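Going by TrEMBL, these are the annotated features:
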DOMAIN    4-139  domain 'EamA'
TRANSMEM  5-23  transmembrane segment
TRANSMEM  29-49  transmembrane segment
TRANSMEM  69-88  transmembrane segment
TRANSMEM  94-113  transmembrane segment
TRANSMEM  125-144  transmembrane segment
TRANSMEM  150-172  transmembrane segment
DOMAIN    154-286  domain 'EamA'
TRANSMEM  179-199  transmembrane segment
TRANSMEM  214-236  transmembrane segment
TRANSMEM  245-264  transmembrane segment
TRANSMEM  270-288  transmembrane segment
Amino acid sequence: MAVIIAYLMVVLIWTTTPLAIVWGGADDWFFAVAGRTALGALLILLVYYWYRWRSATLAFSFRVEALRVYFFAALPIFGGMTIMYWAGQFLPSGWIAVLFALTPVTTGLLAYLLLPEQQLSWRKWLAIFISLGGLLIIFVPNLSLHLESLQIYAILAAICSVCLHSLGSVLVKRCHVQLPALHIVIGALWFSVLGHFLIAPETLISWPQLSDRAAWAIAYAASVGSVIGFLFYFYLVRQVDAMKVALIPVLTPVSAMMFGVLFNNETVSVTMWIGTAVFLTGLLLFEWRFKRRT
């Protein structure tokens, strides 16, 4: 039951995250992601000390093996999330959700390369090409004329973001180190804070002028997206195989697109719906477990 609840919560959080990225980064995209990460890192410490006070929770580990897990877990945050916030300046939230749904494909490819027990059948390769065809149907007819070149770069950046997210989850799985999900999130967030500080140390000291919507979006992304979402996410990474976790983004694009239409005045054309249907068909084919007849 705990796994089911965690799974549903991650689906709900990831449905709303693309819109939080677009709103939060509207005024200053780098501050949005750095502020989100820093605020999330502070909030997660409160959660940790609350757990320590309530029960005899294991002490936070600084062993080399644990630090390696924290570093790999930071790849989706420091690497993937930072790139996605930049891309969010030029892409509708629905597009971000669809691109993030590439996670099963990229996770499967990376697991095939890095995890010896993973294999890719001809059916999965066919599913990959179907999904890529769906992306072409979505994006090619719907690029904005005045943002076309920037949107192409943003789409490529978003794909890189997805690859980093998948790489992080596969490498965490590959470590075979049993750590509490809370510890993994703490380590990942603080590694990410350090990375953002090294890139632009003035960002968290000199705050830009933010609209109320951007400020609330950053706060939501920090508390719900970074803390609650990643706690559930890394709990699932430890409890189930990487491919089942990667199926979560397949469930979110349509609902995320509807959120964008309802709350951000985004438009969804017929070709976008057709492309999304083709794209999700490929992803479902990629994930479907076919039973052999006996």
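Cβ atoms are placed via backbone N, Cα and C, with glycine included.
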Please work out which recorded stretch in 69-88, 94-113, 179-199, 245-264 has the most C-beta pairs separated by under 8 angstroms from the transmembrane segment (214-236)? 179-199
Candidates 179-199, 245-264, 270-288; stretch with most C-beta pairs under 8 Å toward the transmembrane segment (5-23): 245-264
Chain residues outside the transmembrane segment (270-288) and at least six past its termini with a C-beta under 8 angstroms from it: 94, 98, 101, 104-105, 108, 123-124, 126-139, 141-142, 243, 246-247, 250, 253-254, 257
Are there 3 or more C-beta pairs under 8 Å linking the transmembrane segment (94-113) with the transmembrane segment (245-264), counting only pairs at least 6 apart in sequence? yes
Residue counts (helix, strand, coil, in that order) that DSSP gives for the domain 'EamA' (4-139): 109 helix, 0 strand, 27 coil
